[in-house]
Amino acid sequence: MDGTIEFTMGLSDGIAWPWPIAVYLFFAGISGGALAVALFIRFYKQQTTNTPFLKAASLVSFATIALGMLCLVLDLTNPLFFWRILVYYNLNSVMSVGVIALTAYIPLTALMALFALEEEIKQIPLLRPLVPVIDKLKGIRRPCEYAVLALALAVCAYTGFLISALVRFPIINTSVLPALFVASGLSAGAAAAKMLAVGIFKEDLHSQDMKILHGAEWPIMFAEALFLFMIIMSLATGNAGAQSAFEAFHTGTWSMVFWLGVVGLGFGGPLLLNFATGKQFSHSSQAFYLSGLCAVGGMMCLRMFILYAGQNFAI
Amino acid sequence: MSENLERRRFLKFLGAGSLIVAPLGCSSVDEDKNSNQPHYIMVFDQNKCVGCGDCKVACNQANNLPEGKSRVMMEQQSGGVEGQVCPQCGKTSCECERKYVRVSCQQCQNAPCVTVCPTGAAHRDAKTGIVTMDKAKCAGCKYCIAACPYDARYINKETDVADNCDFCLESKLAKGELPACVQSCRYDALIFGDANDPTSYVNKLLAVKDSVRIKSHFGTQPSLRYIPIVKQGV
Ligand code: SF4
Ligand code: SF4
């Protein structure tokens with residue numbers, strides 16, 4: 001029945017989840033993505049040494065998840081209530097399940113960083129007390145790596161499940177969102193770790209690891225584009241609510257964020273830098289950093305777009 | 001003529017019935033668990049609401065909410081108020097009929113806020129089935145606010161935790177009284193009672209009146225019923 005009775009006002013005074021949550025989703029995606037890619041390579045190439053890429057990835061992973069947690073806590077109405085999430089559980093809640101995953105994941109990323117950065121830690125006097133701890137825990141490195149790989153992917157996916165449970169926002173409430181977040185987490189995480197590996201840990205731009213990454217990058221990006229396309233199509237051809245949300249892609253500020261940020265920067269940037277420039281430039285370190293920054297920036301725009309455009313188009 | 005008479009008699013019956021039944025319906029709050037679980041519902045009659053806002057004030061007082069805040073709002077859908085633009089025709093003075101609609105927690109039987117709350121702060125009261133808050137558990141994550149399809153939750157700035165209309169579960173129902181808004185409405189636009197009690201006034205009312213639920217397509221099974229203004233000729 002059309003026009004029976006409806007109300008359009010709300011009591012919450014606007015957007016429930018503002019930008020710190022988007023930043024948190026961004027950091028959690030990078031953290032999980034970077035570590036997952038590094039561990040994939042480690043298992044695939046059966047590496048036993050601490051490669052520069054592994055070092056970079058574990059450092060990125062730990063730093064970003066810690067920053068992400070900070071965003072999450074600061075976004076609570078009262079950050080001092082944080083302990084309540086850790087004490088009370090509701091297993092029906094995606095957030096609660098995520099908290100359980102994170103309480104295992106965060107210490108494990110710290111442990112990964114300790115293992116991977118052993119040599120560096122030995123050189124810093126302040127951190128030297130950690131060395132015996134690393135030695136003690138070395139025996140369980142392998143199982144920890146398996147566990148953290150599973151958890152890293154779970155964390156990436158969880159950030160998607162977390163928000164896709166919000167039924168009133170057609171852009172957010174899609175089953176493809178977790179997959180999209182895993183794919184974009186992997187690509188941005190790999191890009192971030194790559195830049196750090198070359199910049200700080202003196203990885204060669206054309207090393208073995210870099211070659212594998214380069215080979216994996218494009219398929220992941222393609223999957224990401226595909227998932228995005230799936231979301232857009234399901235909105236454009238969906239019911240009235242979905243179609244009204246489809247507007248987010250062609251009107252208003254958020255459509256700019258989508259086309260310039262997600263598509264232009266995130267997809268267009270790396271593609272142009274790699275294929276549309278001369279061979280000399282596309283193999284240079286400028287192109288390398290630029291395209292890495294594009295991937296990371298594009299992912300941030302994606303999280304912002306999904307969260308804000310999503311909440312703006314409620315049904 | 002006869003239809004009018006019937007109607008008069010019926011209304012009289014309803015009036016008398018509500019005096020007896022409504023308090024009974026409330027006292028069942030205190031009954032033991034063996035009895036059938038009540039299902040408290042509220043009916044908003046748009047035909048009777050004049051938009052005076054007394055319900056908001058009463059809610060604020062009954063639940064000790066911060067100044068100017070209450071768990072219910074009135075959305076004006078049409079009809080001019082002096083100095084304001086009519087939402088329907090866009091003019092400052094018009095002949096549109098005044099229409100208001102109550103905005104508040106719909107007391108979903110399948111409540112997304114309860115499902116998503118990570119701490120169980122947003123929960124269903126075991127005895128009454130009413131969706132309410134355990135303020136001591138809420139972490140202020142605002143997940144419930146984003147999840148509520150009715151945008152009917154908000155953060156109480158004084159306590160820093162989420163809040164929703166719970167039919168005055170603690171402030172009034174616990175004392176055997178009707179919710180504050182229902183008590184305060186001078187026009188009888190709000191009716192409250194137990195839908196599982198076949199003798200309750202709400203049951204009888206709903207049996208004879210067409211009522212609708214808001215956004216029922218979300219499948220949350222809201223417990224608020226609305227009797228919309230239906231134009232009968234001009
Ligand atoms: S209307 Fe919103 S706050 Fe009320 S029970 Fe339903 S989901 Fe929860
Ligand atoms: S804000 Fe409070 S009541 Fe709402 S989901 Fe978070 S912890 Fe639960």
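Backbone N, Cα and C atoms are what each Cβ position is placed from, and that goes for glycine too.
These come from TrEMBL:
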type: TRANSMEM; residues: A:21-41; note: transmembrane segment
type: TRANSMEM; residues: A:53-74; note: transmembrane segment
type: TRANSMEM; residues: A:94-117; note: transmembrane segment
type: TRANSMEM; residues: A:146-171; note: transmembrane segment
type: TRANSMEM; residues: A:177-197; note: transmembrane segment
type: TRANSMEM; residues: A:218-236; note: transmembrane segment
type: TRANSMEM; residues: A:256-275; note: transmembrane segment
type: TRANSMEM; residues: A:287-309; note: transmembrane segment
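Counted over residue pairs separated by six or more positions, the transmembrane segment (A:146-171) shares at least 3 Cβ pairs under 8 angstroms with the transmembrane segment (A:21-41), which defines the two as touching. Of the recorded ranges A:21-41, A:177-197, A:218-236, A:256-275, the transmembrane segment (A:287-309) has the largest number of C-beta contacts under 8 angstroms with A:256-275. The stretch in A:53-74, A:94-117, A:218-236 that contributes the largest number of Cβ pairs under 8 Å to the transmembrane segment (A:21-41) is A:53-74. The transmembrane segment (A:53-74) is in contact with the transmembrane segment (A:177-197), judged by 3+ CB-CB distances under 8 Å for residue pairs 6 or more apart in sequence. With a threshold of 8 Å between CB atoms, the same-chain residues lying at least 6 positions outside the transmembrane segment (A:218-236) that come near it are 170-171, 174, 176-177, 179-180, 183-184, 186-187, 190, 242-243, 245-246, 249, 262, 267, 270.
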